[in-house]
Structures are given as C-alpha cells and as structure tokens.
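For 24-45, the entry in TrEMBL reads compositional bias 'Polar residues'. Look at TrEMBL and you will find 71-81 tagged as compositional bias 'Pro residues'. Summarising the annotation, TrEMBL assigns compositional bias 'Basic and acidic residues' to 105-119. Positions annotated as compositional bias 'Low complexity' by TrEMBL: 145-154. According to TrEMBL, the domain 'SET' annotation covers 236-357. Summarising the annotation, TrEMBL assigns region 'Disordered' to 17-158.
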Amino acid sequence: NMVYSALYWRERCIADSSTEEENTAPNLSQSSTASEQHGYSSTGTVLADTPPRKLKPEVTPPRADGVVAPATPPYTRPPHSPTTSSPVLLETPPAPLPRSQPRIPLRDRRSPRRERREATQPYHRRQNHRREAASPSLNPQGLMRTSPRSSPPSRARERRYRDRFLLADWPVRVAHLRAQYKPTGLVFPAVPHYGWCDCSEPCRVGACRNSLMQLYCTPSCCPYDAKCGNSLEESTKVYLARNTRTLQLSVVAVEDIDAGEVLGQYLGEFEHVSVDPARRPRNEGFRLMMTQRPERPSHPIRVAVNAAEMGGLMRFVNHSCSPVAQFVEVANGRRTTVVVATTEVVREGEEITVDYGGDLWFVCRCGLPSCRHREIQDQRDP
C-alpha cells in the first residue's frame, strides 16, 4: 500500500506541474483568479476595471477642391549599421571643391629657411672682410706688385700662424648660452658704480676707470652706451674654427683686434664647490673657479663656472704658454661674471688663446719655444 501511495502522488505531482494552473490553488477556479489579477495592481491597490483602448482609424481630410489627398506613407525605419548607429554617417560626405593655392617663388621659400639656418649657427665667418689699402712696390726683379701697408709680422707671429683653421659648426652636444645659468639661485654681493668713466675714446680693459675697479661698462656708467671694449657684448671679430693640425675647436680672429677689448663672457653653469682645495673635484676641463664668494647661501662656499655641457663661444678658447688674452672677473650691481679680454694686438687669422694656470690637467702642446711642457711632449695626459 505504501509503494502504491508513493507512485500515485509522484504521478499526481507531474500532472499538476504540466497544466496551466500550476500556481493556482486547487480550491479556486481559473476565472476567479483572473478577475482578481485584473482588479489589483503590483502594489496591492484595487484598480477599477478599464475597458480596452480602441485605435481610431486614420481619416484623410478632404481637400478644398474635392480631391482626396493621398495618405501619409508609413514610417520606415532605416537599416541598422553594423559599424555605427547613426544612419547619417553611412553616406560619404561630399568632398570640398579644390582651391587653387598661390605659387610661392623659390627665392621666397628659401629665405626663411636661410634665416633659420643662420640663427642655429651663431658663429659664422663673415664674408665682408676688412682689407687694408694696398700700395705699389717693386720687387728685386723690377716687376710691379701690390703689398699691404702694414709691416710684416715678426718671427714670433709667424710661429703662431703656422696652424690653419677651417670654419666649424657649433657642436650638437653643447647647449648654446646667452647668459650665465644659475640653477642654485645664488646671489652675489652688490657692487656699485661711481658714474660715468669720462673716457675720450671707446673704453678698453686696463685704461677705463671702470675697468681699473673691475667693473664692466653699462649704459648708466659709460658715455658710449656700453658699446665699447669694456662691455659684456660678444665681439663680432672672432669666429669658431677647427685647427687642421690638432683637430680641436678654436676661436680665431676674423680681423685685427686691439689690445684691451672684451671678446665675450665665459658662460656656463654656476656650481657650488668646497672652500678647501683638497675637497674639490679634479678639474677635467671647462671648470673655472671664481674669486668672488656669493652672499647666499650664508655658509662658506666657492663658485665655479662649469662649461662642460653648456656655454658660449669663449668656451672653446684654448690654452697657450704665450697667450694673447686673459680671464678677467668683473661685476656691476648684483651681476658677477668672467670675461675674456685681449692683452695685445691680435692679427687676422690668429687664434685666441689664454693661460689656464700652472695646475694643468693635460700636457701642453702649443709648440712655442716657451712651452712649460716642452720636455714631456711624448708623455700622455695625466
């Protein structure tokens, strides 16, 4: 009996689950359940029975002349785009009409390119060289020839003229500066000037009153509006060249330069170094120590100009045991810098050289009779 009862109720459950009244209680009829569902909302509120909404047939209004207007065509949905949902983008937009561009002459197109090239190469040898007036003279054979009026150079000058120089471009690995770079924000003491120097001729280093006080000329203390030989303006009488014998970059005079003229600043990055010389890093080139100590920071330090990775034209001034220029530290106001000034007359085509001092980090090979390393020319640099 128990087996029969289990089979009976299993079949009864399967039959009940397959009918439409699956969730209907057995003691309620289907009609009553449907009416209750229509009378209640989802929140349990009793709703009134509303008749089904009837659609009004579309009526076309007659026209004034008695002709019936055609019915409005049914709305057709545009096809769905597989790439975009906007049907407007399916059509290719019309291309604009080609506009005729004015033809620029080749000369006008090359001029801005030439200006940019000249701006990136600030040191080019000028083409308009100043030539001295020539006077006729007779050679021993009686033939007429022309020779410059200036006296022939001495033997010491001929020694310097043995090197040949070719025009060189600014190296890419060196950033070109127009002023000193001070990343540490150091401040030098203020150095006042004492009015105009009252020079009757353009100022020169060693002859101007400002220069004797280690001051460079500015428009506020120079009657020549700082257009003299004691200003910080870079000279146009020198250019960057390469020595064909040593293959080194050099600074060469493009015309004759008088003694006492400032050629430019020794530009670079200002660095803090120790006051103790034993604790300073070894100078491997392009680092120049300054004598003026800064006002800030307050602790005792020294300042060095490092031109290894950035600098100006004076960065390429080479060493010589018989130099024609020197380093001079000058100041005016809060600005303190180092300039290169000539110590004697420099002829056209002669290299600008300075003396790096007694503690050299290389073997000098200037080739002059007064060279301090004349006996160790065969040795390597330390």
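Positions of Cβ are set from backbone N, Cα and C atoms, glycine also.
Just so you know, TrEMBL annotations never went through curation; they're auto-generated.
Small disclaimer: the values here were computed from a predicted structure and weren't measured.
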**Report entry** Secondary structure content, the domain 'SET' (236-357) (per DSSP, counts of residues)
**Finding:** 7 helix, 55 strand, 60 coil
Query raised in the report: Roughly where does the domain 'SET' (236-357) sit in mean pLDDT, to the nearest integer?
Result: 90
